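Listed in Swiss-Prot for this protein:
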- Asp73: active site (ACT_SITE)
- Glu138: active site, proton acceptor (ACT_SITE)
- His71, Asp104, Glu167: Zn(2+) 1 binding site (BINDING)
- Asp104, Glu139, His353: Zn(2+) 2 binding site (BINDING)
Amino acid sequence: MSQLQESAVLSLAKDLISRPSVTPLDEGCQSLMAERLSQAGFEIESMVFDDTTNMWARRGTQSPVFCFAGHTDVVPVGDLNRWHTPPFEPVVIDDYLHGRGAADMKGSLAAMLVATERFVNKHPDHQGSIAFLITSDEEGPFINGTTRVIDTLEARNEKITWSLVGEPSSTHKLGDIVKNGRRGSLTGNLTVKGIQGHVAYPHLADNPIHKAAPALDELARMKWDNGNEFFPPTSFQIANINGGTGASNVIPGALEVMFNFRYSTEVTAEILIERVLNILDAHGLDYDISWVYNGLPFLTGEGPLLEATKAAIKKVTGTDTDPQTSGGTSDGRFIAPTGAQVIEVGPVNATIHKVNECVKVSDLELLTDCYEAILENLLCK
């Protein structure tokens, strides 16, 4: 066996991947991590909310608090016949570790833990505290996961100073991109009311599709803002639309539309809601609408966490990383509102949520070194 195949981070990543922890299952991943963190001097606190398993682990009692955040749950594997290897039987092929969760994000979890073990061994009297916030409900409804842990910490005034989320942020090579912010996400569920009837007698019915179409067109064409130097302009997308009985001779009685905003810091959810309602009202629609607040936008500007991350990636990989705010949401959106600086640093995201998910073994080694260097930059001054 090669040295890479025998490494601590690869061994742990394999152990984690072998556990089929599809949301909201944890399948013992956190217990495995907790055992090793306990040996490194961490106090372990399990927080179980309904069907979700969470772990808060902390070493030290002083500020500042550096927190690794991540999730043990993975998305479903999909069609097993399309996998080259069984998704929960991790295997290395040509320097790539294959398995569900390899990139998102059990590889990152392994790198976090091994980096922390090494750091604590070298610097047992480090400044501040190190913490882990791990959940089994990131890929799912995100109701009983990180948000509940944060509520618990806030209730007892336990604050995180810096948080590194291990989401796969890299695009082409490890460290080329980190996420120092994310757009907000707001979902609208709209029902436009009409009167069902026969298509041959439209004067006896009221077609909600015809009524809604101009309003939806205006919403789709609207320029919501211009973005700024950190965020692209706010985007509006219709995700689902449903109306009709399936018959060609029936005018539907209602039209259901689900749409989503990914919005910048130039607007708020309240502003977007007000503008949507004004457009719907201007078109004279009879409607019901409900809203789902998926997360606020956040941004970590220049400061200790971003500087430490840039320096670590440059030292380990030679790459000048590019901080970006593009992409979907992450659990960082629940941590940032507490006042913490938040950044996402992880492996290449080319295969996440796909069949044959994989990550370069050599990247896991580099990621471990990056995480350890970030700890040193922040807690060894």
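Glycine too: its Cβ is placed from the backbone N, Cα and C atoms.
According to DSSP, His353 (Zn(2+) 2 binding site) is assigned to coil rather than to any helix or strand. Cα-Cα distance from His71 (Zn(2+) 1 binding site) to His353 (Zn(2+) 2 binding site): 14 Å (rounded to the nearest whole number). Each residue contributes its Cα atom, and for His353 (Zn(2+) 2 binding site) and Asp104 (Zn(2+) 1 binding site) these two points are 8 Å apart. Counting neighbouring Cβ atoms within 10 Å of each of the recorded positions (Asp73, Glu138, Glu139, Glu167), the lowest count belongs to Glu139. The DSSP secondary structure for Asp104 (Zn(2+) 1 binding site) is helix. Apart from Asp104, Glu139, His353, the residues listed for Zn(2+) 2, the same chain places the Cβ atoms of Val74, Val75, Gly101, Met105, Ile352 within 8 Å of the centroid of those Cβ atoms. Other than His71, Asp104, Glu167, the residues of this chain whose Cβ falls within 8 Å of the Cβ centroid of the Zn(2+) 1 site are, in sequence order, Gly70, Met105, Ser108, Glu138, Glu139, Val165, Gly166, Pro168, Ser330, Gly346, Ile352. Sequence-distant neighbours of Asp104 (Zn(2+) 1 binding site) (same chain, 6+ residues apart, CB-CB distance under 8 A): Val74, Val75, Glu167, Pro168, Asn349, Ile352, His353, Glu357. Remark: of the binding-site residues His71, His353, the most isolated position is His353 (fewest other Cβ atoms within 10 Å of its Cβ).
With respect to their backbone Cα atoms, Glu139 (Zn(2+) 2 binding site) and the residue listed as 'active site' stand 7 Å from each other. In the three-state DSSP classification, Glu138 (active site, proton acceptor) falls within coil.
Geometry remark: Asp73 (active site) versus Glu138 (active site, proton acceptor), CA distance 7 Å.
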